[in-house]
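Worksheet: one structure, shown below.
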């Protein structure tokens, strides 16, 4: 069964401070998921991250210390995909409307939606404050980054027989060792400047032949645009 890939990067590196200006932290008393700023008033995350009350934290690097660039904005609307399946994690995407627009600057900025889907082999940047250990747990204060390629559909499906839908992509390394993990859920996979994935699920973290599975954002551009227009 899928286990929520919900909190941290294994085998990555500490991102340069504020170098991922579209990365947000979803907070409900503490960090619980990531997200991506797609316009000044909307964030995209994973539907399995849903909570009824969410504070969006932007401009973060060290989530445990006030460093001066943060913006904390409560969610006004939280909209999960109407066809989200909590068992299979199909359609694992959610939109959050901020109660007021974020102030955009060098440390808080939007990421583009995909203009087309990403080909296998495309290198992407995954980021988050999730667990940094594949066994045991260690949650970082500083945002972690990982460069990883989009895997072919065939290797993705052979890693997870019967569990990969057309709305999922695998990104990572079949040899293991580098992956997103618990606490990274909802966060971005950005390839060539476009948001191509949302951290969704996986079997453990950084295990051999069990790469991370991500929501295939290119399938949802119309839904995102229509939902924003209607809300």
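Cβ from N, Cα, C; glycine included.
Listed in Swiss-Prot:
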- 9-229: domain 'Peptidase S1' (DOMAIN)
- 15-145: disulfide bond (DISULFID)
- 33-49: disulfide bond (DISULFID)
- 48: active site, charge relay system (ACT_SITE)
- 60, 62, 65, 70: Ca(2+) binding site (BINDING)
- 92: active site, charge relay system (ACT_SITE)
- 117-218: disulfide bond (DISULFID)
- 124-191: disulfide bond (DISULFID)
- 156-170: disulfide bond (DISULFID)
- 179: site 'Required for specificity' (SITE)
- 181-205: disulfide bond (DISULFID)
- 185: active site, charge relay system (ACT_SITE)
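Counting every protein chain shown, 27 other Cβ atoms lie within 10 Å of the Cβ of residue 170 (disulfide bond). Its Cβ taken as reference, residue 205 (disulfide bond) is surrounded by 29 other Cβ atoms within 10 Å in the chains shown. Of all the disulfide-bonded residues given, namely 33, 117, the one with the smallest number of surrounding CB atoms inside 10 A is 117. Highlighted in sequence order, 57, 59, 61, 63, 64, 66, 67, 69, 141 have their Cβ within 8 Å of the centre of the Cβ atoms of 60, 62, 65, 70, the residues recorded for Ca(2+), and are not part of that set.
Cβ neighbours of residue 156 (disulfide bond) (same chain, under 8 Å, six or more residues apart in sequence): 164, 168, 169, 170, 211, 213. Less than 8 angstroms from the CB of residue 218 (disulfide bond) sit 114, 116, 117, 118, 196, each of them six or more residues away in the same chain.
Put simply, 92 is the one of the recorded positions 15, 33, 92, 205 whose Cα lies nearest to the Cα of residue 48 (active site, charge relay system).
When the neighbouring Cβ atoms lying within 10 Å are counted for each of the recorded positions (49, 65, 145), the highest count belongs to 49.
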